[in-house]
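Have a look at the structure below, then the notes.
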Amino acid sequence: MADYLISGGTSYVPDDGLTAQQLFNCGDGLTYNDFLILPGYIDFTADQVDLTSALTKKITLKTPLVSSPMDTVTEAGMAIAMALTGGIGFIHHNCTPEFQANEVRKVKKYEQGFITDPVVLSPRDRVRDVFEAKARHGFCGIPITDTGRMGSHLVGIISSRDIDFLKEEEHDRLLGEIMTKREDLVVAPAGITLKEANEILQRSKKGKLPIVNENDELVAIIARTDLKKNRDYPLASKDAKKQLLCGAAIGTHEDDKYRLDLLSQAGVDVVVLDSSQGNSIFQINMIKYIKEKYPSIQVIGGNVVTAAQAKNLIDAGVDALRVGMGSGSICITQEVLACGRPQATAVYKVSEYARRFGVPVIADGGIQNVGHIAKALALGASTVMMGSLLAATTEAPGEYFFSDGIRLKKYRGMGSLDAMDKHLSSQNRYFSEADKIKVAQGVSGAVQDKGSIHKFVPYLIAGIQHSCQDIGAKSLTQVRAMMYSGELKFEKRTSSAQVEGGVHSLHSYEKRLF
């Protein structure tokens with residue numbers, strides 16, 4: 001910090017605060033509320049802060065935010081919203097393998113560059129087939145080829161405008177009678193770049209642009225809606241095919257290999273091995289199996305809270321580590337099993353070890369506010385996984401209900417008896433599938449409505465950027481570098497200091513965050 005002194009009157013600056021090493025090597029287990037980060041020098045605006053972070057060895061996100069694979073947090077709607085806002089969502093596995101794979105497929109199909117496997121119909125199909133496709137896939141701009149398959153002669157396209165006002169008795173009409181014919185279509189030649197194709201699509205004012213080869217056979221299609229999504233969501237997390245990134249959770253049992261096969265077919269980018277205690281022979285064997293059979297899929301191991309746990313998973317070949325045990329708002333593992341670790345200490349200790357091997361860390365659990373996110377990232381985590389913070393958003397699974405005039409959504413731990421009763425996957429996560437008596441490691445509850453992810457996540461992003469600005473770092477990479485070098489200083493908080501740091505001495509107040 002002394003490098004940034006601008007007053008010329010004195011050069012003496014007393015040593016102030018503790019380094020991360022001093023703070024966490026005292027033997028105490030610390031949570032995020034037990035310390036603060038001391039401010040630095042500001043010479044830039046908050047919007048200049050770069051939040052780019054590594055999720056795994058090969059996947060980088062523009063924002064360090066991840067949604068937890070819980071059945072009251074992440075299904076396709078949440079995963080799409082998280083990816084559009086720069087993060088990623090992990091589809092839970094407290095469901096059938098087919099349902100989970102279909103949720104992944106929804107995310108991957110939501111936005112694409114060149115769509116090489118679109119829904120295709122033939123002129124002999126009927127209007128009702130279009131409505132069925134629309135109900136199943138959410139769209140009805142469907143190319144028509146002579147055989148109803150990709151790679152055959154393009155003869156037309158069917159859009160919502162062609163069928164909007166058809167009466168129910170007309171649903172048996174052949175598509176060849178009502179489709180927009182080939183001679184009225186705007187098409188682009190195979191080999192065109194995505195940028196050039198998008199320019200043609202813009203000029204044409206059409207909803208879809210078929211891509212055809214020299215024989216007028218359909219080879220791909222691009223959609224106008226994807227152009228609008230590119231404009232509206234510049235931070236979106238995408239793969240090489242311009243599809244949204246999507247993760248999914250799996251277990252470590254033999255039948256999870258079938259689940260993995262379906263997820264791979266659906267296009268999943270990364271899987272997290274979902275276990276409350278990841279340092280097991282079952283997880284080590286599963287990591288090796290995935291890396292051998294599906295080397296392109298990134299694997300996140302966990303959960304771990306010590307360097308010794310992390311070592312075994314790193315040696316097995318994980319691409320990232322998930323850190324946290326018993327720190328979640330609905331988790332009672334520490335209380336029931338007497339195992340776990342305060343989250344701030346766990347994040348620092350595992351991150352400090354894993355960085356030597358280039359393995360990113362995901363801080364999972366204990367996040368109550370945007371300040372906790374900033375602290376987790378400052379302690380070495382590359383990304384932060386959130387459950388309760390994202391529960392009860394519009395995109396979270398479940399229906400809203402009212403209690404005492406407050407709009408709520410259900411939220412439960414995957415170790416709760418409620419979740420274990422729903423599907424075997426929750427029992428597997430806690431090694432309880434063979435137990436006659438279940439030991440709950442989580443609870444069920446309710447969380448107040450937070451509105452849409454598209455408003456809430458931008459608030460979190462702005463909060464992290466302002467935190468980095470106060471620290472004096474223009475990127476999260478710089479924050480971590482300052483922490484490991486000892487330049488970033490911390491200070492422990494007494495219980496009185498924590499009270500002082502919150503709202504106090506008011507008769508009444510309204511706490512609006514965004």
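Here the Cβ of each residue, glycine as well, is placed from N, Cα and C on the backbone.
If you look up Swiss-Prot, you'll see SER122, SER160, SER416 marked as phosphoserine, on the strength of similarity to another entry. Residues or ranges marked as domain 'CBS 2' by Swiss-Prot: 179-237. Taken from Swiss-Prot, the feature SUMO2 cross-link covers LYS195, LYS208, LYS438, and the record attributes it to similarity to another entry. According to Swiss-Prot, the feature NAD(+) binding site maps to ASP274, SER275, SER276, GLY324, MET325, GLY326. If you look up Swiss-Prot, you'll see CYS331 marked as active site, thioimidate intermediate. If you look up Swiss-Prot, you'll see LYS511 marked as N6-acetyllysine.
Residue pairs drawn from ASP274, SER275, SER276, GLY324, MET325, GLY326, the listed NAD(+) binders, are separated by up to 14 Å at the Cα level. Listed in sequence order, ILE144, THR145, ASP146, THR147, GLY148, LEU175 are the same-chain residues at least 6 apart in sequence whose CB falls under 8 Å from the CB of SER122 (phosphoserine). Note on the domain 'CBS 2' (179-237): its mean pLDDT in the predicted model is 88.
There are 6 other CB atoms within 10 A of the CB of LYS511 (N6-acetyllysine), with all protein chains counted. The recorded positions shown are LYS195, SER275, SER276, GLY326; of these, the one with its CA atom nearest the CA of the residue listed as 'N6-acetyllysine' is GLY326. When the CA atoms are compared, no recorded positions among the candidates SER160, LYS195, LYS208, ASP274, SER275 lie within 10 A of CYS331 (active site, thioimidate intermediate). Here the Cα atom of GLY326 (NAD(+) binding site) is found 48 Å from that of LYS195 (SUMO2 cross-link). The recorded positions shown are LYS208, ASP274, SER275, SER276, GLY324; of these, the one with its CA atom nearest the CA of SER160 (phosphoserine) is LYS208. GLY324 (NAD(+) binding site) sits 43 Å from LYS195 (SUMO2 cross-link), taking the CA atoms of both as reference points. The two recorded residues, ASP274 (NAD(+) binding site) and LYS195 (SUMO2 cross-link), show a Cα separation of 39 Å. Under DSSP, residues within the domain 'CBS 2' (179-237) fall into helix, strand and coil as 23 helix, 16 strand, 20 coil. By neighbour count, meaning other C-beta atoms within 10 Å, the densest spot among the recorded sites LYS195, LYS208 is LYS208.
Mapped onto three states, the DSSP output places CYS331 (active site, thioimidate intermediate) in strand.
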